[in-house]
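S.K.: My structure is below; once you've seen it, I'll send some questions.
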Amino acid sequence: MAIKDILLLGHPDLYKTAEPVDKEELLRLHSQIQLMWEAILDIQKTYGFGRAIAAPQIGLNKRIIALHINKPSVMINPELSNLSDEMIELWDDCMSFPSLLVKVRRHKKITVSYFDLNWQRHTEELEDDMAELIQHEYDHLDGVLAVQRAIDKQSFKWKSTTL
């Protein structure tokens, strides 16, 4: 997977709701998940950011989030719950618009439930940067981009701009 294969802002597939993964099809998806991990590492090397990518960003209309934070991991069919009332504001970046930052509000704490590659169910309580990251990637699964969550019309900056 090359960076050029990541769908960019404006591509119609980024606005589609992803389909759930069936246990039976998981084995067939391993190679695409591997490509997602490779894309994360390529983005990290090229742009200096990137911890996760959602399957729709590579044109795979499935509810999969690949992460690479110290080691590769995956969330299949993630579900969010227990969204805190407390919100955080931050400048969000995205592999689908790597030179743009968008100021958004996200829940400070969330609970995420998902399946791993062995179809084992996991539930984690996350907060701060990890909660924000998973909310960002989860939005991709629902066809929502960070630019659609911008706080206001002044919530956009090029990465070369001092924050």
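Just so you know, glycine gets a Cβ as well, placed from its N, Cα and C.
Caution: TrEMBL annotation is automatic and unverified by curators.
Below, the features straight out of TrEMBL:
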type: BINDING; residues: CYS94, HIS136, HIS140; note: Fe cation binding site
type: ACT_SITE; residues: GLU137; note: active site
S.K.: Cα of GLU137 (active site) to Cα of CYS94 (Fe cation binding site): how many Å, rounded?
M.R.: 9
S.K.: What count of other C-beta atoms do you get within 10 angstroms of the C-beta of GLU137 (active site), across all chains shown?
M.R.: 24
